[in-house]
Amino acid sequence: MDTAEVILSVLVVVIIIVSLLSNVLVLICFLYNPEIRKQVPGLFNLNLTFCNLLLTVSNMPLTLAGLVSKAQPGGDGFCQIVGFLETFLSTNSMLSMAALSIDRWIAVVFPLRYHSKMRHKDAAFVLGYTWAHSMSFSTVATSLSWVGYHRLYASCTLSNPRASSRTQFVIFTVFFHSFTFLLSFIVLCVTYLKVLKVARFHCKRIDVITMQTLVLLVDIHPSVRQRCLEEQKRRRQRASRKISTFIGTFMLCFAPYVITRIVELFPAVPINPHWGIVSKCLTYSKAACDPFVYSLLRHQYKKTCTDIINRLLKRSSLNASGRRHENQGNSIPTAE
């Protein structure tokens with residue numbers, strides 16, 4: 001292995017560890033807090049977490065094995081199963097992010113009608129579509145033997161070694177990425193830009209009220225006035241930063257891989273083998289950052305994590321105290 005392959009191997013290991021720990025933590029919070037389970041976005045987060053966890057334990061280690069050994073991990077049948085899972089889980093993850101953006105759009109643009117427009121059965125219907133969409137593309141690819149070990153990405157994924165069906169594979173690949181990556185990206189942009197527009201409108205109204213209040217309070221201390229103006233600026237930047245994070249991480253992690261898969265359809269264009277692994281690592285990194293982007297950095301999840309840690313520390317301190325008292329009781333001599 002050369003230096004680049006060693007670095008990529010270490011990167012895959014780090015992604016596996018971070019993805020596994022963060023997604024398990026999201027799952028623990030979901031099971032621990034009943035309020036999170038009651039919320040409709042919790043179902044979309046649960047589905048996204050499930051896809052990320054399964055991708056972490058099934059595909060990432062095999063990509064690491066293929067990168068280290070430079071050979072296909074397992075037989076052809078096993079590789080087809082893994083490739084089916086990779087296609088299904090990556091598609092389901094993208095559509096789950098689009099579903100979360102739709103949920104946020106309804107909550108912000110139609111706040112008074114949110115509970116009637118986005119109920120648990122509506123969320124279940126959306127999740128049913130994501131599963132059917134993902135299952136259809138992955139099933140077609142597997143049934144046509146378009147899934148196998150791809151040396152460029154050192155993983156079991158979409159691959160067509162036969163020249164006889166090249167045209168059909170090209171059409172399928174373009175169709176697949178158009179209705180997964182491109183569709184999800186368009187939904188993310190449309191919904192979150194509308195959310196940003198509404199958020200800026202509300203911030204503007206709040207700013208007007210705040211400035212009117214500051215004008216009336218002529219005796220207000222300059223430091224207080226400055227803090228109010230700074231809070232206005234932070235409020236405007238906060239909404240833009242969140243939207244940029246949602247769309248930016250999606251593009252940064254998925255776009256290089258999708259573009260590489262499209263460029264790969266043109267045999268005349270050479271692709272660096274190290275770049276293929278890098279683009280694959282970027283898609284895997286989305287599974288590691290999703291828990292932070294959509295869950296763990298939110299106040300409700302932070303509070304749940306704090307409650308879990310405090311409960312564990314309290315239980316451990318009580319157990320230690322109980323053992324100490326028990327040892328003291330055993331050390332007291334008995335009169336005979």
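Glycine residues also receive a Cβ, built from the backbone N, Cα and C atoms like all the rest.
Under the heading transmembrane segment, TrEMBL lists 6-32 (among others).
If you look up TrEMBL, you'll see 22-294 marked as domain 'G-protein coupled receptors family 1 profile'.
Sequence annotations record features per position, and here TrEMBL assigns transmembrane segment to 44-68 (among others).
Taken from TrEMBL, the feature transmembrane segment applies to 124-149 (among others).
What TrEMBL records for 169-195 (among others) is transmembrane segment.
Non-local neighbours of the transmembrane segment (243-263) in the same chain are 94, 97, 101, 158, 173-174, 177, 181, 184-185, 188-189, 192-193, 195-196, 269, 271, 275-276, 278-280, 282-283, 285-286, 289, 293; each lies 6+ residues outside the stretch with a CB under 8 Å from one of its CB atoms. Among the features that TrEMBL reports, transmembrane segment is placed at 243-263 (among others).
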For the transmembrane segment (44-68), sequence-distant contacts whose Cβ falls under 8 Å of one of its Cβ atoms, 6 or more beyond its ends: 1, 5, 8-9, 12-13, 15-16, 19-20, 23-24, 26-27, 30, 74, 82, 85-86, 89-90, 92-93, 96-97, 99-100, 103, 123, 126-127, 130, 149, 153-156, 277, 280, 284, 287, 290-291, 294-295
